[in-house]
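What TrEMBL says about this one:
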- 12-19, ARG65, 92-95, LYS103, 119-120: substrate binding site (BINDING)
- HIS13: active site, tele-phosphohistidine intermediate (ACT_SITE)
- GLU92: active site, proton donor/acceptor (ACT_SITE)
- HIS189: site 'Transition state stabilizer' (SITE)
Amino acid sequence: MHKATYSVTFVRHGESEWNKMNLFCGWHDVGLSEEGEWDALEVSAAALKRENMCYDVAFTSCLRRANQTLDIILKELNLSDIPVRQLWRLNERHYGALTGFNKRQMADIYGEEQVQVWRRSFNVPPPAIEPTNPYYHAIKSNPRLRHINEKDFPSTETLETTMERVVPEWTDSIIPEVRAGKRVLVVAHGTSLRGLVKHIQDADIMKFNLPNSIPFIIDFDDSMKMVGGIRFLANDETVLKAMEKVASIGGK
């Protein structure tokens, strides 16, 4: 058994306004719901406090729901002054033409199986977002995303194409900080974190659902290979319930 040399903490943001309404969100920049803010404080930050976790640097996406979650956590841990790097490549997966639509409605129109394929398959993309989508222009003109090159700006994504941007960021930006002995916190999104976990574990995660707000820790050996399993900072029953909630089309 390899000995753990490093560890990294990951958190999926709390419930957003669109999670609450069961809408495909992707790159549309909505904030946390009241429940999401409460979860960031009473689930995410509270769990990290219980474990006496402390961090030297934090990584997050360029989307508000992840940024708000991180801000609440850092404030509660008295770490608001640590460096925070906002990286667009940690953004949620772009849901293309599904953006703004209710998951249940889409399942009724396209069939439950097709929608689950779009949500959970590795490389089957939803249709691309078109300028006629009511959120197209809000996404394209979002000041938080303006620095992204046109050629890199997606119109739809899969887990595979999301990994193609997330994994290099992990390798080039996050791992060097870990190797330098920094205590690292990553607050991001369901699919960007699933992509990272898939890369780290080198395993099939099609049925793996990451719960909102419950922090998890992964340990690494000297060569940044995973040691042991994923450690969620909550009891098994809580984790299982939260995973089932995420998996359900009718749920959030």
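Glycine too: its Cβ is placed from the backbone N, Cα and C atoms.
Feature map: annotations from TrEMBL on the structure.
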{"residue": "ARG12", "record": "substrate binding site", "CB count, 10 Å": "28"}
{"residue": "HIS13", "record": "active site, tele-phosphohistidine intermediate", "CB count, 10 Å": "30"}
{"residue": "GLY14", "record": "substrate binding site", "CB count, 10 Å": "28"}
{"residue": "SER16", "record": "substrate binding site", "CB count, 10 Å": "28"}
{"residue": "TRP18", "record": "substrate binding site", "CB count, 10 Å": "20"}
{"residue": "ARG65", "record": "substrate binding site", "CB count, 10 Å": "29"}
{"residue": "GLU92", "record": "active site, proton donor/acceptor", "CB count, 10 Å": "25"}
{"residue": "ARG93", "record": "substrate binding site", "CB count, 10 Å": "28"}
{"residue": "TYR95", "record": "substrate binding site", "CB count, 10 Å": "26"}
{"residue": "ARG119", "record": "substrate binding site", "CB count, 10 Å": "22"}
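Here the Cα atom of HIS13 (active site, tele-phosphohistidine intermediate) is found 14 Å from that of ARG93 (substrate binding site). All chains included, 26 other C-beta atoms sit within 10 angstroms of the C-beta of HIS189 (site 'Transition state stabilizer'). For ARG119 (substrate binding site) paired with HIS189 (site 'Transition state stabilizer'), the C-alpha to C-alpha distance reads 14 Å. For the pair formed by TRP18 (substrate binding site) and HIS189 (site 'Transition state stabilizer'), distance between Cα atoms is given as 13 Å, rounded to the nearest Å. Spatial neighbours are here defined as Cα atoms within 10 angstroms of one another, and by that definition the neighbours of GLU92 (active site, proton donor/acceptor) among the recorded positions GLY14, SER16, HIS189 are HIS189.
Here is what falls inside 10 Å of the CA of HIS189 (site 'Transition state stabilizer') among the binding-site residues SER16, ARG65, ARG93, TYR95: ARG65, ARG93.
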